[in-house]
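According to Swiss-Prot:
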BINDING   Gly16, Ile17, Asp18, Gly19, Ala20, Gly21, Lys22, Thr23  ATP binding site
Amino acid sequence: MHDQIIPCGMLVAIEGIDGAGKTTLARSLALKLRGVGLETVVSKEPTNGPWGTLLRQSAVTGRFSPEEEVDVLLRDRRQHVEDLIVPMIGRGAVVILDRYFPSMVAYQGAAGLPVDALLEANAFAPRPDVLLLLDVPPVIGLQRIWERGSTPNHFETTENLSRCRDIFLALELPSKRVIDATANAETVFSAALGLVMEVLRVRLGALGAVVLERLAG
């Protein structure tokens, strides 16, 4: 099956607090989209590049200040945008991101930095065609972290995640769609796929009827 080209590509960002189910949804969406012939790339932030790796190390050691984390995050994101996001959407692919700039706004905002300034610092980052916000209460997110065998890091507390959740929900981004992620993975996937299909229906037009029919099947 030849890949179906999407005019101007498509950028899907999946957001939410830790334990919301972002990685699971990203993988499920990619599998579905690839199955109907859409070239699909899954990436994440922080990336596996040098800046992203440095940041993940700091999440364990806690040695970076919020301001230092912002600097590293922005360096990582600029490289991500230039090396992967822009080239892939430019060739008509679907790019699915497991976290993007709203995570920086929420997490660094929860650490006390001004949300408006954080949004302005990310003005260079392409805006998602659809931003899927998986919403769960912090107590559920933390429970899921423990259930998958992980240990919450120094920031993953009920209080901090509550502040992050509030910022996520308050962000005024035109493509943001909130999904109740307390539901099971199948229900969340179905809701997310429907929202992605809404954008594809506009992008692909009549030529995409077959693709949309397969996605709905």
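Using the three backbone atoms N, Cα and C, a Cβ is placed for every residue, glycine included.
Swiss-Prot feature annotations superimposed on the structure.
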residue	record	contacts (Cβ under 8 Å, 6+ apart)
Gly16	ATP binding site	Lys22, Leu133, Leu134, Asp135, Val136, Gly141, Phe168, Ala181
Ile17	ATP binding site	Ala106, Val136, Pro138, Gly141, Leu161, Cys164, Arg165, Phe168
Gly19	ATP binding site	Val136, Ile140, Gly141, Leu142, Gln143, Arg144, Ile145
Ala20	ATP binding site	Leu134, Asp135, Val136, Gly141, Ala181
Gly21	ATP binding site	Leu134, Val136, Arg144, Ala181, Ala185, Val188
Thr23	ATP binding site	Lys44, Asp98
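Taking the mean position of the Cβ atoms of Gly16, Ile17, Asp18, Gly19, Ala20, Gly21, Lys22, Thr23 as the ATP site, the remaining same-chain residues with a Cβ inside 8 Å of that point are Leu134, Val136, Gly141, Arg144, Ala181. The Cβ of Asp18 (ATP binding site) has 21 other Cβ atoms within 10 Å, all protein chains considered. Lys22 (ATP binding site): 23 other CB atoms within 10 A of its CB, across all protein chains.
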